[in-house]
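Features of the protein shown, as given by Swiss-Prot:
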| type | residues | note |
| --- | --- | --- |
| BINDING | Cys167, Cys170, Cys224, Cys227 | Zn(2+) 1 binding site |
| BINDING | Cys184, Cys187, Cys210, Cys213 | Zn(2+) 2 binding site |
| DOMAIN | 6-71 | domain 'J' |
| REPEAT | 167-174 | repeat 'CXXCXGXG motif' |
| REPEAT | 184-191 | repeat 'CXXCXGXG motif' |
| REPEAT | 210-217 | repeat 'CXXCXGXG motif' |
| REPEAT | 224-231 | repeat 'CXXCXGXG motif' |
| ZN_FING | 154-236 | zinc finger |
Amino acid sequence: MAEKRDYYEVLEVTKTATVEEIKKAYRKKAIQYHPDKNPGDKEAEEKFKEAAEAYDVLSNPDKRSRYDQFGHAGVSGAAGNGGPFGGFGGEGMSMDDIFSMFGDIFGGRGGGFSGGFGGFSGFGGGGGGSQQRRYRGSDLRVKVKMTLKEISTGVEKKFKLKKYVPCNHCHGTGAEGDGGSETCPTCKGSGSVIRNQQTILGTMQTRTTCPTCNGEGKIIKNKCKECGGDGIVYGEEVVTVKIPAGVAEGMQLSMGGKGNAGKHNGVPGDLLILVEEEPHPDLIRDENDLIYNLLLSFPTAALGGAVEIPTIDGKVKVKIDSGTQPGKVLRLRGKGLPNVNGYGTGDLLVNISIYVPEALNKEEKSTLEKMEASDNFKPSTSVKEKIFKKFKSFFD
């Protein structure tokens, strides 16, 4: 499967582009690769879909924020459906779905340019063709709790969703039987009507949604007895979600087409998965790094030795050098979490503290008193300076 291109690159805009600039760039791409302008050209069709996918994400503030933070995984591929439109293929969005969803850009598939592009249409009012409305189902939201271990490897989670699904009795049409619906007599099935208006500049044509069928192009004569004419019923579905490694608390993934079904075989909504991170008993997360606070006994810090450190994959032995000072940080490279976009892995940082006992017996006290008298146990000027600098850094 080809790697997805950066959405900003697809539309040829900067990451600071405004919504209007993004809309203008998308319109330019859509005109360039429009199927009416490039009949039978599969490559142009794919680029047309790619531009629509990029526009869907970058024109939506929430999706754009997730994309800027997490890349494609934040809005699409993590859910295993290839994109916010399910990859624009298979069970994903069709060309008609794109025209339906971006009607404010296209003005309907049939309207638009009457010259310059031959049969090219799709951007404006006028012209003939179909502009049938497809209802979009609402999005569903679920929360998923993940351990650091699951985050480190990625995981599949199953959800049993209570949602609206297409009615089996009428196959989503909302009509009872084959003759339950008929073509709208007002718009002749196009879903829109053209109105002529006289102005000082002459006759102006405007296209509006058909008031008789509300843009559907059909009228239901006999409503389905199971769904009442909506084409959807309340049911359930088990969905398997592939969550990538490296996700973080608060990240929202999108699984295209797995939300509520749309009325009358409309476009289904999306399933939005909010990640919640379960706390680890020993490790603290700092972006892709993990932190462990190690409390050493004074003898081990002074004499050196080996201690066990917990990691995501189990415990590992770490060498402690003699004379280890409090505040020292050991770095275990590659023992952190992977980047959600696949760029490298964090480290495990071991912060060392020295344990000082609160109570001593006579023998311990006597031993420490003898040690205190030795010049070797008195901090040197360099050690004092290091401690002062470290203390001062907390306030800088």
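Here the Cβ of each residue, glycine as well, is placed from N, Cα and C on the backbone.
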What else in the chain is close to the repeat 'CXXCXGXG motif' (167-174), if you only count residues 6 or more beyond its ends and a Cβ gap under 8 Å?
180-181, 220, 223-227, 229-233, 261, 263-265
Taking the Cβ of Cys213 (Zn(2+) 2 binding site) as the reference point, list residues of the same chain whose Cβ is under 8 angstroms away and which are at least six residues distant in sequence.
Cys184, Thr186, Cys187, Gly191, Ile219
DSSP helix/strand/coil residue counts for the repeat 'CXXCXGXG motif' (210-217):
0 helix, 0 strand, 8 coil
So what's near the repeat 'CXXCXGXG motif' (224-231) in sequence-distant terms, Cβ-Cβ under 8 Å and 6+ beyond its ends?
166-170, 172-176, 180, 261, 263-266
Within 10 angstroms of the C-beta of Cys167 (Zn(2+) 1 binding site), what count of other C-beta atoms is obtained when all protein chains are considered?
25
Among the binding-site residues listed here, Cys170, Cys184, Cys210, Cys224, Cys227, which has the most company in the form of other Cβ atoms within 10 Å of its Cβ?
Cys170
Cβ packing number for Cys187 (Zn(2+) 2 binding site), 10 Å threshold:
24
Which whole-number value in Å describes the distance between the Cα atoms of Cys210 (Zn(2+) 2 binding site) and Cys167 (Zn(2+) 1 binding site)?
25
Predicted model, mean pLDDT over the repeat 'CXXCXGXG motif' (224-231):
88
Shell list (Zn(2+) 2; ref centroid = CB of Cys184, Cys187, Cys210, Cys213; cutoff 8 A):
Pro185, Thr186, Lys188, Gly189, Ser190, Gly191, Ser192, Val193, Pro211, Thr212, Asn214, Gly215, Glu216, Gly217, Lys218, Ile219
Other than Cys167, Cys170, Cys224, Cys227, which residues of the chain come within 8 Å of the Zn(2+) 1 site, judged by Cβ distance to the Cβ centroid of those residues?
Asn168, His169, His171, Gly172, Thr173, Gly174, Ala175, Glu176, Lys223, Lys225, Glu226, Gly228, Gly229, Asp230, Gly231, Ile232, Val233
In three-state DSSP terms, the structure that Cys170 (Zn(2+) 1 binding site) belongs to:
coil
